[in-house]
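These notes are about the structure you will find just below.
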Amino acid sequence: MPELPEVETVRRGLELVTLKQPIVDVEVLLARSIALPKEPQAFIEHLRDRAIEQWQRRGKYLLATLDDGSRLVIHLRMSGQLLWLTTPQPPCPHTRVRWFFPTRAELRFVDQRTFGRCWWLPPDCRVAEAIPALATLAPEPLSEAFTVAFLAARLAHCRRSIKTALLDQSIVAGMGNIYADESLFLSGLHPTQSAHTLTPEQVQRLHGVICQVLREGIAAGGTTIRTFMSPAGVNGHYGGQAWVYGRKGEACRVCGTTIERLRLAGRSSHYCPQCQPLSSAIGK
């Protein structure tokens with residue numbers, strides 16, 4: 001699933017090419033890709049002839065403000081892509097929604113797994129009411145509101161593993177498997193350590209590392225594991241510099257120990273047994 005750096009990369013790419021241009025037409029090829037309105041034709045009619053004024057990101061959600069005050073919201077989920085095409089091309093097998101712009105340009109929503117969703121929300125609609133998951137998101141981790149005190153308070157009574165806690169969007173908005181593994185490695189924390197056992201010093205270090213890793217991910221254009229690419233069709237490059245994620249069986253870049261992988265709450269976790277000793281997770 002695209003995480004904060006990937007979604008931010010998409011947002012920045014869309015701002016470069018779609019702003020102030022009227023949407024001349026919309027085509028919905030898979031009805032269930034449209035969450036609201038319930039009828040795809042209504043989705044089409046509300047967006048036709050509108051222009052995008054601004055793109056924002058909230059966690060893993062993309063939000064476009066249109067020139068009439070309405071909103072287009074998109075969640076890429078597991079495999080969604082938003083691709084910008086400057087010349088007409090027939091839709092590929094997994095194309096779900098197409099937005100057409102002047103000069104024959106097209107914004108295309110491609111989604112192999114079909115979990116991605118699009119919403120059109122009228123100007124008087126509260127976004128968090130229409131999409132309840134947005135109401136529970138933590139502050140943006142690269143904003144001033146995401147403080148050490150906030151993170152400490154959320155972890156203080158959390159009995160889950162620290163890896164599982166970091167994936168909770170009410171604790172770190174936009175965090176996913178890749179950057180959680182990277183953050184725990186740089187913090188020296190074993191993924192199975194109970195979140196509530198972290199010391200104030202560990203929480204402070206983890207907070208700083210989360211911000212660092214997410215910024216580095218954005219600077220690298222995100223991570224391409226299977227399907228992610230920017231609107232311009234460019235792959236993300238963070239994977240080539242990853243400390244542990246996706247590197248099972250390879251040598252740790254710090255100490256040379258073999259990177260291991262375990263299953264935790266149904267998710268894979270990559271870690272270095274030497275740099276993230278299991279002893280730090282025992283007896284706490």
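Backbone N, Cα and C atoms are what each Cβ position is placed from, and that goes for glycine too.
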Please find, within the list 68-102, 243-277, the residue stretch that Swiss-Prot describes as zinc finger.
243-277
So if I exclude everything within five residues of the ends of the zinc finger (243-277), which remaining residues of that chain have a CB under 8 angstroms from its CBs? That is, six or more out.
160-161, 163-164, 167, 177-179, 181-182, 184-186, 188-192, 223, 225
Determine, to the nearest whole angstrom, how far the Cα atom of PRO2 (active site, schiff-base intermediate with DNA) is from the Cα atom of HIS94 (DNA binding site).
17
Need one number: mean pLDDT over the zinc finger (243-277).
97
For GLU3 (active site, proton donor), the close recorded positions (Cα within 10 Å) drawn from HIS94, ARG113, ARG267 turn out to be none
Using DSSP, break the zinc finger (243-277) down into helix, strand and coil residues and give each count.
0 helix, 12 strand, 23 coil
